[in-house]
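**Student:** One structure, as structure tokens, below. Some questions next.
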Amino acid sequence: MKYFTLALTLLFLLLINPCKDMNFAWAESSEKVERASPQQAKYCYEQCNVNKVPFDQCYQMCSPLERS
């Protein structure tokens with residue numbers, strides 16, 4: 001019973017106070033990711049939509065990044 005209560009408490013805390021990085025679990029460290037193809041960029045924007053990420057953050061993450 002203790003473990004069940006603990007698990008429910010942890011789940012509740014995760015639901016009400018999600019970690020910022022968890023929203024971008026499908027990306028690398030909440031930073032811009034180099035997108036090699038339009039399909040990858042489309043997938044990135046779709047994931048932003050699913051995770052309800054604001055457009056400006058999504059644009060920063062999904063737009064291609066020139067690496068120097």
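Keep in mind that glycine also has a Cβ here, set from the backbone N, Cα and C atoms.
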**Student:** What is the disulfide partner of Cys48 among Cys44, Cys58, as given in Swiss-Prot?
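**Tutor:** So the cysteine that Swiss-Prot bonds to Cys48 would be Cys58.
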**Student:** Taking Swiss-Prot as the reference, Cys62 is linked by a disulphide to which residue in Cys19, Cys44?
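**Tutor:** That would be Cys44, the partner Swiss-Prot lists for Cys62.
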**Student:** Roughly how many Å separate the Cα of Cys48 (disulfide bond) from that of Cys62 (disulfide bond), to the nearest whole number?
**Tutor:** 9
**Student:** Applying a 10 Å Cβ distance cut-off over all chains shown, what neighbour count does Cys44 (disulfide bond) have?
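**Tutor:** A 10 Å sphere around the Cβ of Cys44 (disulfide bond) contains 21 other Cβ atoms.
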